[in-house]
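Visitor: Mind having a look at this structure? Questions to follow.
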Amino acid sequence: MFQPAEPGQEWAMEGPRDALKKERLLDDRHDSGLDSMKDEEYEQMVKELREIRLEPQEAPRGAEPWKQQLTEDGDSFLHLAIIHEEKALTMEVVRQVKGDLAFLNFQNNLQQTPLHLAVITNQPEIAEALLEAGCDPELRDFRGNTPLHLACEQGCLASVGVLTQPRGTQHLHSILQATNYNGHTCLHLASIHGYLGIVELLVSLGADVNAQEPCNGRTALHLAVDLQNPDLVSLLLKCGADVNRVTYQGYSPYQLTWGRPSTRIQQQLGQLTLENLQMLPESEDEESYDTESEFTEDELPYDDCVLGGQRLTL
């Protein structure tokens, strides 16, 4: 008669292979790997776990949302603060972004940096703070003007003083000799607008008083004659302007006085200008045209017309 196996005999009925498989499953479920580690490795792992700390990380520079926002004119938050002359706010922004050159030198749609706008709005103290924070004074706007060009054009002596503060000999020389897209240096602009104090300051700092603008080679002295400004002429002569420097067409400053009302300027320059640079160049001799034919070669009358094989007499 068949009798069921007793509970204690189940393992024997499964066989040795099934028992080994079950044992491996238990090992895989419960073994964390610690038993296979050496004592030294285990101690090192415990030490590293104890040393784990959560440290706050600073957000990367420029990640602040307000730095990325621009108006339709391309103005940043700093541009707007300067335009609206919010000085306290501007100073706080400059303090926060000090050293962030990409933001400080960002140019709007007119290629104006915050430094350009500080000069335009006549805020020399803001301009000074921007320079200390890292603004580049040699960047140009859409007309090729550096901030110093604008200061000279507007006649803001305080801004000129801030922008020409000692920051290295090479830097100062570069900014003084820079020309805008019309070819004018800062000295040219100061001369054109008649700001004598700025002219004197620029020359004392090393500006080339005889620099020629590229359009026709006029120097500041030529410009002073064109503008009929005798006080500027006197100052430029005092600063060492060359009265015998000629334009690309060969005109000296004295020759530009002919036909102009200021006899004072003519007297000032006449005493110093070479004799051959005082008279206007002679015009072409009109009599030379009398000996020339009335017609050019292409306009001479025909004398060899032929019709039907017969020469025509004209």
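Heads up, the Cβ atoms here are built off N, Cα and C, so glycines get one too.
Here the structure is a predicted model, which means the values were calculated and not measured.
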Visitor: Pick from 88-98, 110-120, 154-164, 187-197: which range has motif 'Nuclear import signal' per Swiss-Prot?
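Guide: Result: 110-120 is the stretch Swiss-Prot calls motif 'Nuclear import signal'.
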Visitor: When you get a sec, could you say which of 45-54, 215-224, 265-274, 305-314 is annotated motif 'Nuclear export signal' by Swiss-Prot?
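Guide: That would be 45-54, per the motif 'Nuclear export signal' entry in Swiss-Prot.
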